[in-house]
Amino acid sequence: MPAVVMSHGDSPEFEGKITFYVIICVIIAAFGGLMFGYDIGISGGVTAMDDFLKRFFPIVYEKKQHALENNYCKYDNQYLQLFTSSLYLAALFASFVASMVCSKAGRKPTMQIASLFFMAGVGLTAGGVNIEMLIVGRILLGFGVGFGNQAVPLFLSELAPAKIRGALNICFQLFITIGIFIANMVNWLTANIHPYGWRLSLAGAGVPAFFLFFGSLVICETPTSLIERHKVDEGKAVLKKIRGIDNVDAELDSLVHASEMARQVTNPFGKLMKRSSRPPLVIAIMLQVFQQFTGINAIMFYAPVLFQTVGYGNDASLLSSVITGLVNVFSTLVSIYVVDRAGRRVLLLEACVQMFITQGVIGAILLANLKATESTLVSKEALVVVILVCVFVMGFAWSWGPLGWLIPSETFPLETRTAGFAFAVSSNMLFTFIIAQAFLSLLCHLQAGIFFFFAGWIFVMGLFALFLLPETKGVPVDAMHERVWKQHWFWKRYMDEEVDTQSKTIQEKHPHLT
């Protein structure tokens, strides 16, 4: 495959090939995204199935069947929301444990642990006979998500050449969207299998976990992780294998340099609290907050419920969810093609305009035409809502979806990378939990106004991207300090002399780096 020129700050450029082995490693690791995406997609469909509701949430089932039901409140039940959201609360806490495992044991074992947690959770939820089994199963699934979402994006960013890092990292988000699409298809097919269709849907989550576990047995650890754990010779061997060339000394020295700087930091979480670490930390956390407050997970979790609310029957609403899932997948492919050409900021800003308009128009249609206890939308209006949801999903899928994971994984220096990314993952899980737990209640109380609520957040995040988010396209991970943060009009004031002093000390030991 073609060679890719990579640079490290002011160091000499070094070359590498896009090897077939790297592509295989990326695909296997990205199954961690498929696990996450399948769960996002499956939860909403299962919670709309009558057999599931009758067994575990009979009150919701009765409310759903009521002749004069409130269109916006038919699914408003805290326990039903807890079924979905408990996973994300567990993932929040698991991500900090996963950060330590990632540093001490490596990215690869962390992914294996994630798959084991996930398979255990699948067994409890698919075989559940009471609400307690469901919740414990969801918590184990959450541990799997926390470990997987911590390890996989770091693995992909560290394995990829700088020039195509964005495209390879977005494979994680691509597999999330594929997982959502597959889950929607499974829900559509199992909805009429009575009375255990919901069990088949939940059991399907074990398939990507199975592939991740056994696939991870044949992939390599990242050179960065090996060198970080004093395995320099192994790191060099892996670097030769993934780059497809024998002369990897320049890149190896770059990784050794970053690793020796990292070893000077004995408390990475304490280092994160220092002024010089604030820019990547703030960016990482805010990207996760904004990613959730676009309203995307609210739509993807509860797409079947949402489409039933606007007037589609159960089968038609699940089919509509399949359509939006397909749009999600193909739009993420757009991001893979564009992200390393146009850059991160262009995608984020364009999507803000697109999502702001669609959320506003959906809200306006529902406000004007869907009353709380009156008839549902007519077919023409309901079709327009589905189309607008698809346009909204397009914008998210080629911007805030993949880039919310990509940018945090590439902007932290090695000494705070796993700790910083743990904050990103935990922030994502916290706000995913908040949205999952609150969305059906918000829909009940705000009604159509919930879409204006999300539109307001999209406006704010557009301003954030415009003024505070730097461009990271093509910049090597370990050169972000010099080439991104110290050059940005706002964040450069947070850069102190500490990193420069450390760098000079290391370079005295490795003069060839200069």
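Backbone N, Cα and C define each Cβ position, glycine as well.
Just so you know, TrEMBL annotations are computer predictions that nobody has curated.
For 25-473, the entry in TrEMBL reads domain 'Major facilitator superfamily (MFS) profile'.
Positions annotated as transmembrane segment by TrEMBL: 20-38 (among others).
Annotation comment: TrEMBL describes 79-101 (among others) as transmembrane segment. Non-local neighbours of the transmembrane segment (79-101) in the same chain are 39, 43-44, 47, 53, 56-57, 60, 109-110, 113-114, 117, 131, 134-135, 138-143, 145-147, 149-151, 301, 418-419, 421-422, 425-426, 429-430, 432-433, 436-441; each lies 6+ residues outside the stretch with a CB under 8 Å from one of its CB atoms.
What TrEMBL records for 113-129 (among others) is transmembrane segment. Long-range contacts of the transmembrane segment (113-129) within the same chain, counting only residues at least 6 positions beyond its ends with a Cβ under 8 Å from a Cβ of the stretch, are 32, 35, 56, 94, 98, 101, 136-148, 151, 199-200, 202-203, 205-206, 209-210, 212-213, 216.
Taken from TrEMBL, the feature transmembrane segment covers 135-156 (among others).
Per TrEMBL, transmembrane segment is recorded for 168-190 (among others). Remote same-chain residues near the transmembrane segment (168-190) are listed as 22, 26-27, 29-42, 45-46, 49, 152-153, 156-157, 159-160, 197-198, 200-201, 204, 208, 300, 303-304, 315, 318-319, 321-322, 324-326, 328-329, 331-333, 335-336, 339, 397, 401-402, 405-406, 409-410 (criterion: CB distance under 8 Å, separation of at least six residues from the stretch ends).
Summarising the annotation, TrEMBL assigns transmembrane segment to 196-220 (among others).
For 281-305 (among others), the entry in TrEMBL reads transmembrane segment.
The transmembrane segment feature in TrEMBL is assigned to 317-339 (among others). Sequence-remote contacts of a segment are chain residues at least 6 beyond its ends whose Cβ falls under 8 Å from one of its Cβ atoms, and for the transmembrane segment (317-339) they are 41, 44-45, 48, 166-167, 170-171, 173-174, 177-178, 180-185, 187-188, 191, 299-300, 303-308, 346-347, 386, 389-390, 393-399, 401-403, 406, 473.
The transmembrane segment feature in TrEMBL is assigned to 346-370 (among others).
If you look up TrEMBL, you'll see 382-407 (among others) marked as transmembrane segment.
The transmembrane segment annotation in TrEMBL covers 419-440 (among others).
Taken from TrEMBL, the feature transmembrane segment applies to 446-469 (among others).
If one looks beyond the transmembrane segment (446-469) by at least 6 residues along the same chain, the residues whose Cβ comes under 8 Å of a Cβ in the stretch are 72, 283, 286, 290, 293-295, 298, 344-345, 348-349, 352-353, 355-356, 359-360, 362-364, 366-367, 370, 372, 400, 407, 439, 490-491.
No contact links the transmembrane segment (346-370) to the transmembrane segment (196-220), because fewer than 3 Cβ pairs that are 6 or more residues apart lie under 8 A. Packing against the transmembrane segment (382-407) from elsewhere in the chain are residues 149, 153, 157, 165-166, 169-170, 172-174, 176-177, 283-284, 287-288, 290-291, 294-296, 299-300, 303, 306-307, 310-312, 320, 323-324, 327-329, 331-332, 334-336, 338-339, 344, 347-348, 350-352, 354-355, 358-359, 361-362, 365-366, 376, 428, 461, 469, 472: each is 6 or more residues past its ends and has a CB under 8 Å from a CB in it.
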